[in-house]
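Summarising the annotation, Swiss-Prot assigns transit peptide to 1-29 and lists sequence analysis as the type of evidence. Among the features that Swiss-Prot reports, pyruvate binding site is placed at His111, Tyr137, Arg138, Gly184, Val186, Asp215, Gly216, Ala217, Asn244, Tyr246, with the record citing similarity to another entry. Swiss-Prot lists Tyr137, Arg138, Gly184, Val186, Asp215, Gly216, Ala217, Asn244, His311 with the feature thiamine diphosphate binding site. The annotation Mg(2+) binding site is assigned in Swiss-Prot to Asp215, Asn244, Tyr246.
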Amino acid sequence: MFSRAVRLSRAALPIRVASQRVPIAARRSVTTNAAQAQVDKSTIPESEDEPFTIRLSDESFETYELDPPPYTLEVTKKQLKQMYYDMVVVRQMEMAADRLYKEKKIRGFCHLSVGQEAVAVGVEHAIEKTDDVITSYRCHGFAYMRGGTVRSIIGELLGRREGIAYGKGGSMHMFTKGFYGGNGIVGAQVPVGAGLAFAQKYTGGKKATVILYGDGASNQGQVFEAFNMAKLWNLPALFGCENNKYGMGTSAARSSALTDYYKRGQYIPGLKVNGMDVLAVKAAVQYGKQWTVEGNGPLVLEYVTYRYGGHSMSDPGTTYRTREEIQRMRSTNDPIAGLKQRIINWGVATEEEVKGIDKAARAHVNEEVAAAEAMAPPEPTAKILFEDIYVKGTEPRYIRGRTLDEVYYFN
């Protein structure tokens, strides 16, 4: 029922852009409440696949030099359940990674996204597999949503050859078709994403690139360079700042002169989104994709979200913020709890049915993690270092190593 392989296409329905710009005075501050969308329950069909219309909160968006997206969204029961399942899987996978790291089975850098699941899931449910996604080192959820398996992602974290990057990339460097990482250098993925968007425009078609980075990376010069080139060439690029309030241990207000990251493009329109509401994210990205593939050029989105854990596994996450702040966000703004509440209240599923989805997601993750843990460690041979570098048939005759006698010959 919840197979990633058989999920139906999520092409956006036509959205008409309003002709009148909304005065600044009419705009509201974006909330992080995950359960404010409403629906007329009498319009919800019996069929799992028949669409119905929900009304998003008036505090879902803020805009800059842009007409706001529609505050309505067409969904089906099946889509709502799938989004819920996906978020539970991503969270359980991240919690498994947390456990394995503390057991010293995962080493090195490891950045988890517990609390931020609505962004990865909402983005994927708004685009097509022919679109491209590139993000930062906090990438596990995106790797899964782009088509990776829990087994291959955990296997990668464990350094196994069956991992999504053959055990060579680790936490920060995961790749699959249409997903270009997972990038370890702060902000470095942004100009690469602009290049992907350039390729899409060059080859034609209604495709877009979703380019994600954090608030901590937003002050990087290369981000602004990418903005300039994307606007200059009118590229189909959806830049997106995942504003989780802290760049490592530094709050946004202490590091950025302008914390309205959606306005950072200056000459590029911007859209601020409630990143704790998976439905608001889906609606915003659907709107953004249609905007950009119609030839309007790039957009800068800001997803207002929150990470429950530290910046990385080496950060307890409580030296620069209070435990009370974290608990308040968990208890009042959790993206999974918010969607669960709406699914039950709207009669999309009963409480028992939702528990069944929870159970299925947890069982799937547990099975996949166990399979990853059972993978044999790779042989520590130098030969592995020279594999997966060149496309087969394009290799040079040899590669020299650190010393004159350390030479690897391709067969």
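Using the three backbone atoms N, Cα and C, a Cβ is placed for every residue, glycine included.
Location within the structure of each feature annotated in Swiss-Prot.
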| residue | record | DSSP class |
| --- | --- | --- |
| His111 | pyruvate binding site | coil |
| Tyr137 | thiamine diphosphate binding site | coil |
| Gly184 | thiamine diphosphate binding site | coil |
| Asp215 | thiamine diphosphate binding site | helix |
| Asn244 | pyruvate binding site | coil |
| His311 | thiamine diphosphate binding site | coil |
Close in space, distant in sequence - Val186 (pyruvate binding site), Cβ under 8 Å, 6 or more apart: Ser136, Gly214, Gly216, Ala217, Gln220
Tertiary neighbours of Asp215 (thiamine diphosphate binding site) (same chain, Cβ under 8 Å, six or more apart): Cys241, Glu242, Asn243, Asn244, Lys245, Tyr246, Gly247, Ala252, Ser255, Ser256, Thr259, Tyr261
Fewest other Cβ within 10 angstroms of its own Cβ, chosen from the binding-site residues Tyr137, Gly184, Ala217, Tyr246, His311: Gly184
For Arg138 (pyruvate binding site), the number of other Cβ atoms found within 10 Å of its own Cβ: 25
Alpha-carbon distance [Arg138 (pyruvate binding site); Gly184 (thiamine diphosphate binding site)] in Å: 9
Cα distance (Å, whole number) from His111 (pyruvate binding site) to His311 (thiamine diphosphate binding site): 6
For His111 (pyruvate binding site), nearby residues of its own chain (Cβ under 8 Å, 6 or more apart in sequence): Tyr137, Arg138, Ser171, Met172, His311, Ser312, Met313
Shell of the Mg(2+) site beyond Asp215, Asn244, Tyr246, same chain only (C-beta within 8 angstroms of their C-beta centre): Gly214, Gly216, Glu242, Asn243, Lys245, Gly247, Ser251, Ala252, Arg307
